[in-house]
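Heads up, the thing below is written out as structure tokens.
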Amino acid sequence: MERRSEKGKDDKDQSRLDDLTKLEEITLDRVLDCLINRFNLGCYYTFAGSVLISLNPCLKNVERVGIPWSGEENSPHVYSIGRRCKDNLRRVGSDQIVVVSGDSGAGKTTVTQQLLCYFIENSDVGLSSPITHDGLERRIYCATQILEAFGNASTVANPNSSRFGRLVQIIYGNQKGTTDWNILGARIDTCLLEKHRVSKCGPNERNFHIFYYILMASQHNFFNLENIVKNLALDGLEIGSKLESFIPEDFKQSLRSTDADGFKIFYDSIRTLNMVSEIYSVFEIMYGLMILSSLKFVAINSEEKENDPYINHSQNTFNSRYFRVDCDSICKKVIQSVFKIDFEALEDSLVARIFSAGRRKSSIRKPCETIKECNERLSAFVTTIYDKIFNHILHRLNSLLGCSNNLMNTSSSNMEKLDRGVKSVSLLDLYGFENLKANHLEQLCINYANERLQQVHISHLRNYIVESVDDDEKGLESLNIFNQVEMQTISRLDGLHRYVFSTLDETCVLNRPQTDAQVFSRMVEVFKGNSFMRSGRLHDENYPFIVQHYASTVTYDLRGMVDKNRDYIPPEFLDLLRLSQNHVVASIFKVKTSNESNFNLKEGGNSHKIRREKTILQHFKASVESLVCRLETSKSNSQDVHFIRCIRPNDTLEYGKIQRKLVEQQLYSCGIVDVIRITGNGYPVRLPVQKFVRKFHPLIRRCFNSCFNRGDEARLNLDTCDFKFGKTQIFLTESTWEFLNILNAFVVKRSTKILQQFWRNELAKRALAREELLVLQELCSVNLLQDLVSNDNTMEHSFGSDHGTAHNLSLTKIETTLLNSLPCKITMRRKKKPVQRNAIYTHVPRSALSEFNSMVHTNKRKDIVSKRFVYESPVRFYVKKTTLSHNHLLPRRFLPKGIMDAFDDSNIM
Ligand SMILES: Nc1ncnc2c1ncn2[C@@H]1O[C@H](COP(=O)(O)OP(=O)(O)OP(=O)(O)O)[C@@H](O)[C@H]1O
């Protein structure tokens, strides 16, 4: 992992920091300062070690295209995570998984969509425009849009909040012998749809988007309510104009201008996937659900009781009813036509329940005694249908994406037939940690999933370091931090299983008729002595219990939790709906879709169905565990799991606004400060040994043999180096990494200087030799050579030469005068010793000299050792090209016989 060596010192530097682990001081304040500075400069992505932090820019129009990316390696961006996945897939051929987490409105769905677009667009620098071409890639994109319409809703936190968790798997196939991976299909798995929303939304919240698209559709003539009259064989009834009046007012009032755009995207998507007629039928059922959800119950008066055909015709003494549905005959007719079931039977199943009792298990009918009970049954009826439709749509989408039978599950013989390797890139977008004013079973599940993911994340980071380090290195201080945090998370999860989940499940599974108060008192008992959970005020009618999660402490309301957890679907509803003449309704209640069990992934990418668990909690826990299994499998290679933490900048999702307190709370809640501290204190930089040697080649011998002079040694304190050797990698702290980079640059600079000095000396020597040669030429030309050698009156001069042999010449005074009168100037120079002058001098113990013999020159007299290391390093010399000056040359005619001058100037003369 390459890092930039820049270190933040002041705020300005911090804003340039693209990795929080590079901060000198890893405190929450410094991390916040850095993130806020970057946010204000328009840098929304920052690395925290291997985790990418994404601060939601809250832009409205670029959400599918994303923030532009420079394409630089390791520049923090969603697309750089995408590129890492693709590179790993291409090089190693391993499954990749990206875990996107964060609070509601933090931008998880948007980030997931952007990543999805990145993968299916096959672009290396991200998207410049939304996907436009048709084909499998576009179908994948459209499938996610359709699913969002059914599973997203407007909440107080986010106008487009996903109310389900999802895992999108993009399946890649590889032709044997090539490195090309092509998309074969995709598969979407979902988890815990918040189905109760369909019957009851909180204040300032809306139902699922699809209901508003139905209203939009009628405005765009796609789903004309008038057509329902024909489709549902309601001809002859004067109800055309009344159909709209059956739609509850709260749906109409909460219609928004953005719904038109939403519907347009939805409509384009269903057209691309050829689902128009299918969706039309689904719209009819949705319309029916809207009417059903607004039904009211009233008590039957004595006169009505007498005329009630159902009661009069029944022989059973239990057959009575205290309430009836309050709606007119046309409304009843419409409901009956939409669901194609007998309205009387439906009404009866809503106001009375049937249970079996006694040894013979004979059915007993018991009328509801309160309106609340009737409303609960109606709510169960509506949510059951919506849940089934959601799963039906999901199943259809998966089959259209080529993955109804999971491609990852293809048997090996089939794989050989295909001559392909099949791998996947999975994007996990789970709902974020929630701490609302009133927290129910949904929040307990969501927070449990987040807690479990946090544990995986911490253990993933820990393994990332431990797995490659030698056994004796495991006692590292930083690993203790990992262990502590992990142990706490495990204790919290254990507490949740043993005390909360088991108490709630026990009541449901054993079918104990216990009130909320009784369950609460049991919880108060089991919580005793537990440090992570406790009961709330004993006389509070919501029966609150408090759980300390890794993110924050959450107060849950126990009231109604047991019933929700039971997830009881009255069998009489199922019997009724199975008899429906509506082919969609009948099919979804007859066939159990493969996706009902949600995240049905198991180790090694093989999927097999999870047994339908009895309670919501058991079912959800099994889903989360199978997902974690998948993550654990990928954990064997830590490069294959990527984490993106999304952060919400402000409460209102306003552009350019950042609230420090909110960001701080999220950083804590997602445990990112721990992660940064752990990564910062650990050895976040790791390099394969070969790469390390290649990079620091000039430094290695010099650095580890203390071959610096004293000044340098003081400046470059090698004791600060902190690194560990693994089996194949070298692990370095961030500061060591930067220090080594500086040192390496220093050594390269030094070596370059020495090389330059050598070269300059070489040039000087050559110039000198050239001058000597010229002198000789001149001497020869005046025919003095013979006389000079035989003369006694001499003075000796030594001329240096290229090869170290000296030309000893003896000159008389007369001849010297003669020489001086020559047109060229003769300079006599002593041979220089440039090598010694340019060497680095340092004291080295003589015992250490043996290994440097070839490179060490010792000056014994001064007891100084000079060493010169010249490393192989690509150096380019720029030499000025010159010609020798011609005035040094003698005319040709003066040259001795047989000696040819290179320049034949006879013509000139
Ligand atoms: N990367 C981004 N670029 C531009 N806008 C964004 C980005 N991320 C999020 N937004 C804006 O923030 C809004 C909320 O984001 P999003 O719906 O993705 O949040 P979420 O975390 O998925 O929420 P939830 O958990 O409730 O589904 C989006 O509608 C979009 O306008």
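Just so you know, glycine gets a Cβ as well, placed from its N, Cα and C.
The shown structure was predicted, so the numbers you read here are calculated from the model rather than taken from an experiment.
Here is what TrEMBL says about this protein:
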{"type": "DOMAIN", "residues": "15-745", "note": "domain 'Myosin motor'"}
{"type": "BINDING", "residues": "Gly102, Asp103, Ser104, Gly105, Ala106, Gly107, Lys108, Thr109", "note": "ATP binding site"}
Should Ser104 (ATP binding site) be counted as helix, strand, or coil on the basis of DSSP?
coil
Fewest other C-beta atoms within 10 angstroms, as judged across Ser104, Thr109, which are the binding-site residues
Ser104
Check the domain 'Myosin motor' (15-745) for me and report the mean pLDDT.
76
Residues near the ATP site, Gly102, Asp103, Ser104, Gly105, Ala106, Gly107, Lys108, Thr109 excluded, by Cβ within 8 Å of the Cβ center?
Asn56, Asn158, Gly432, Cys646, Arg648
Would you mind ranking the binding-site residues Gly105, Gly107 by how many other Cβ atoms sit within 10 Å of each Cβ and giving me the lowest?
Gly105
Its Cβ having more other Cβ atoms within 10 Å than any other among the binding-site residues Gly102, Asp103, Ala106, Lys108, the winner is Lys108
